[in-house]
Amino acid sequence: MSTCGDNSKIFQDIQNFIQDYDLNKDYSVTSSEIYQSFLKKMNGDSLKASQAAGVLCSTVDMDNDGKFSYYEISKYCADQAKKQIEQNAETAALADVEALLLRLDKDKDKKLNKTEFVKFFKEQGYNPYSDPDYVLKIIDLDKDGYVSASELQEWFKQKRLAYARGPIC
């Protein structure tokens, strides 16, 4: 799933990819053009250009025909955008967890016990009498009765990814 913003970014990435590598401006990108582009960018170092072109070609040219279809380029750009979103969510989740543990982890064991978790539960705007045990069970993946830093990080990451998906276009 992607958002409207993701789609326009991916479209721009596709246009940039074609602009960067379509040397003869025929709106078609070939493995030869990829190699020539890298050769120019790497000041004539044919070994490095060959290696870089090989990696990119093996990643993008799914049918190994030496040509990059619009579908292949768009899939590559969409995959790159997805990886970036996931990396950003992971980094932000880590920062969220560190801030949360600094504030709520009174015994400094890098996990929240039930008392600490109920405080977190209240801060999130949940009614503490509704069912903190239910939410604890959802976040507590290993079911040890504590919410560890890694469990919190995964939970925050999934919430951020869900938010990043936003409305579907």
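Backbone N, Cα and C atoms are what each Cβ position is placed from, and that goes for glycine too.
Straight from Swiss-Prot, the features:
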BINDING   Asp105, Asp107, Asp109, Lys111, Glu116  Ca(2+) 1 binding site
BINDING   Asp140, Asp142, Asp144, Tyr146, Glu151  Ca(2+) 2 binding site
DOMAIN    9-44  domain 'EF-hand 1'
DOMAIN    60-83  domain 'EF-hand 2'
DOMAIN    92-127  domain 'EF-hand 3'
DOMAIN    133-162  domain 'EF-hand 4'
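Overlay of Swiss-Prot feature records on the structure.
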residue : record                : DSSP (3 states)
Asp105  : Ca(2+) 1 binding site : coil
Lys111  : Ca(2+) 1 binding site : strand
Glu116  : Ca(2+) 1 binding site : helix
Asp140  : Ca(2+) 2 binding site : coil
Tyr146  : Ca(2+) 2 binding site : coil
Glu151  : Ca(2+) 2 binding site : helix
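With a cut-off of 8 Å between CB atoms and residues at least 6 apart in sequence, the same chain places Ser148, Glu151 near Asp142 (Ca(2+) 2 binding site), listed in sequence order.
Cα of Asp140 (Ca(2+) 2 binding site) to Cα of Glu116 (Ca(2+) 1 binding site): a distance of 13 Å. In terms of Cα distance, the binding-site residues that sit within 10 Å of Tyr146 (Ca(2+) 2 binding site) are Lys111, chosen from Asp105, Asp107, Lys111. The stretches the domain 'EF-hand 2' (60-83) and the domain 'EF-hand 3' (92-127) do not meet in space: the count of Cβ pairs below 8 angstroms, excluding pairs fewer than 6 apart in sequence, stays at fewer than three. In this structure, the C-alpha atom of Asp107 (Ca(2+) 1 binding site) lies 17 angstrom from that of Asp144 (Ca(2+) 2 binding site). Between the alpha carbons (Cα) of Asp109 (Ca(2+) 1 binding site) and Asp144 (Ca(2+) 2 binding site) lies a span of roughly 14 Å. Considering only the binding-site residues Glu116, Asp144, the Cβ with the fewest other Cβ atoms within 10 Å is that of Asp144.
For the domain 'EF-hand 1' (9-44), the number of residues in each DSSP class (helix H, G, I; strand E, B; coil) is 24 helix, 2 strand, 10 coil.
Take the CB of Asp107 (Ca(2+) 1 binding site) and look out to 10 A: across all protein chains shown you find 10 other CB atoms. Under DSSP, residues within the domain 'EF-hand 2' (60-83) fall into helix, strand and coil as 15 helix, 2 strand, 7 coil. Calculated from their C-alpha atoms, the gap between Asp105 (Ca(2+) 1 binding site) and Asp144 (Ca(2+) 2 binding site) amounts to 17 Å.
Sequence-distant neighbours of Lys111 (Ca(2+) 1 binding site) (same chain, 6+ apart, CB under 8 A from its CB) are Asp105, Tyr146, Val147, Ser148, Ala149.
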